[in-house]
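Working notes for the structure below.
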Amino acid sequence: MTNLEIAITGGTVATASDTFQCDIGIRDGKIVALGHDLAQHAADVIDASGKFVLPGGIDSHVHIAQPSGEGIVMADDFESATLSALFGGNTTIMPFCLQERGQSLRKTLSEYHSLADHKCYTDVSFHLIICDPTPELLGQELPAAVHDGYKSFKVFMTYDNLRLNDAELLATFDVARDLGATVMVHCENEDAIRFLIEKHEAANKLRPSSHASTRPVAAEREATHRAVSLAEIVDIPVVIVHVSNGQAIDEITQGRKRGSSITAETCPQYLVLTSADLEGMDWEGAKFVCSPPPRDTADQIACWRGLKDGTFDLFSSDHCPFKYNSPDGKLNPRGAKNFRHIPNGIPGVETRMPILFSEGVNKGRIDLNRFVALTATNHARTYGLYPRKGTIAIGSDADIAIWDPDLEVTVRHADLHDGADYSPYEGLELRGWPVTVLLRGKVMIRDRKLEAQLGDGQYLPR
Ligand code: DUC
Ligand code: ZN
Ligand code: ZN
C-alpha cells in the first residue's frame, strides 16, 4: 500500500544533535516517518545514497527591496531573492520591513506583503526595522504589530537616517521586553564613524577602502559593549547581529558571564573576505562594501573559533544586494567618486551555506550537527518557528535540502540566481552543494534543476 507521497532513501540524515542513516517518509507536506525500507510505501522515491539529508536552511537576516537612499535600488525583488535562496539550500528566509520615517507600521507591513505575496520560492517571515520610536509607535503601533505576529525587529546604532540614540534604544528595549519581542541590534558607533568619514574626506581619501578604515573594530566593539549594557539595564535578551571580529566577540562573552542572555550571529563575509578586498583595482573594492566591513585574518580566525565553540548561535547572510556596474547601485554617480555614497551591502543568500559547508564542515573546522544548528535549527528556535521549521522530526514541515558533500563548485555569479551583477565570492572554490530541495514536501529543485513554481513559498505568521 502506498501511503507516502515521497520517500527519501539511503541518505545520511543530520539534525542539530544527531547524525543517522534512515529513510524519510513525507505526506501532506510533513515528515511522517523516519525508518527503514520506506521506498515500497511511496509514490515518489528520491535516492539520497552518498548524500547528506539536512533541514532546509533558514536565513534569518536578509534585506530585500528595501529603500536604500535616493537613486539607489536593491538588486533583488522577492522573486529573485527567494529563487537564489532556494538554490542555496534555503527553505525559509526572514527579510526586514523597513518603516520609513512618518509612515505607519501597518502601511509598511502591507506594502511588504504586497511585494512578497505570490512571488516567493521559499517560505518567508518578516522582521521589522524600527528607526523612529515615537511614543505613538512604542505605545500603540509596535504592540499591535507584535500581537499580529511580527515578533522581532532590528534596530541600528549607525546610519544617519536609521540610528537610535541611547535614550531611544532604552525606550525601545523596554517596550520589547514587555511585549516579549526579540530585538536584533546592529552595533557600530555612528558618531565615531561620522568623525572618521569627515577626516577621510578632508584628506581626500575617497576610495572604497576608506569604508573599512572609517568603520574600525573599535567602533563595533564599543557599540556592542553599549548594546549589551543597555540590554542588561533593561533586562532583556538581545540578538547581536553580524559580528565581525574578536573584540566584539569578547564583549558578548563578557556579557554572558555577567548573566545576560545574548544571541550572537556572524556571516560568511567575516570568514572569507578581509578589508584588503576593498582595495581592489579601479573601484572594484566597492563590491565588498558592507557594514560592519570585513576585517583581517586574525578576526576571521576568531569568528571560526566562535562558530566552533558555540559563541555564535546563528550564521546568516545579511544578503543586501546592489548591482556593481549600475547607476542605481555601487557605481552610482556619487558612489563612483566617494566611498561614503557606495550603498552598504553585498549579496550572499545563495552562497551562505555552501561557504560554511565547504570551509567549515569539509575542512574539519565544525561538524555537521553544528552546521545544521548554525544554518537552520537555531534560527527557528530564536525566531519562534521551531519545531515546525529547522529540524528533521516527525510532524515538522518537510523542508529538506539534500547535499552532495563532494560536488565541486567554483562560485561564478553567472551560475547564481540573485539580481546583482557580481558575487563577492567570485572564483571561490567550494566542495559541497545542495542538489535537491523540498519545501513542505514539494520537490522544488531536483538534481539542481528547478521544479518549483513562483508562489510556492508561503508567508509564515509567527
Ligand atoms: N549593513 C547593514 O546593516 N545592513 C545591510 C547591509 C549592510 O552592509
Ligand atoms: Zn546591520
Ligand atoms: Zn542587515
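Even glycines carry a Cβ here, placed using N, Cα and C.
Heads up, TrEMBL stuff is auto-annotated, nobody curated it.
What TrEMBL records for Thr12 is active site. For Thr12 (active site), the same-chain residues 6+ apart in sequence whose C-beta sits under 8 angstroms from its C-beta are Thr19, Phe20, Gln21, Lys51, Phe52, Val53.
Per TrEMBL, domain 'Amidohydrolase-related' is recorded for 52-443.
The N6-carboxylysine annotation in TrEMBL covers Lys154. According to its DSSP assignment, Lys154 (N6-carboxylysine) is in a strand.
Taken residue by residue with DSSP, Thr12 (active site) is part of a strand. Of all the Cβ atoms in the protein chains shown, 21 others lie within 10 Å of the Cβ of Lys154 (N6-carboxylysine).
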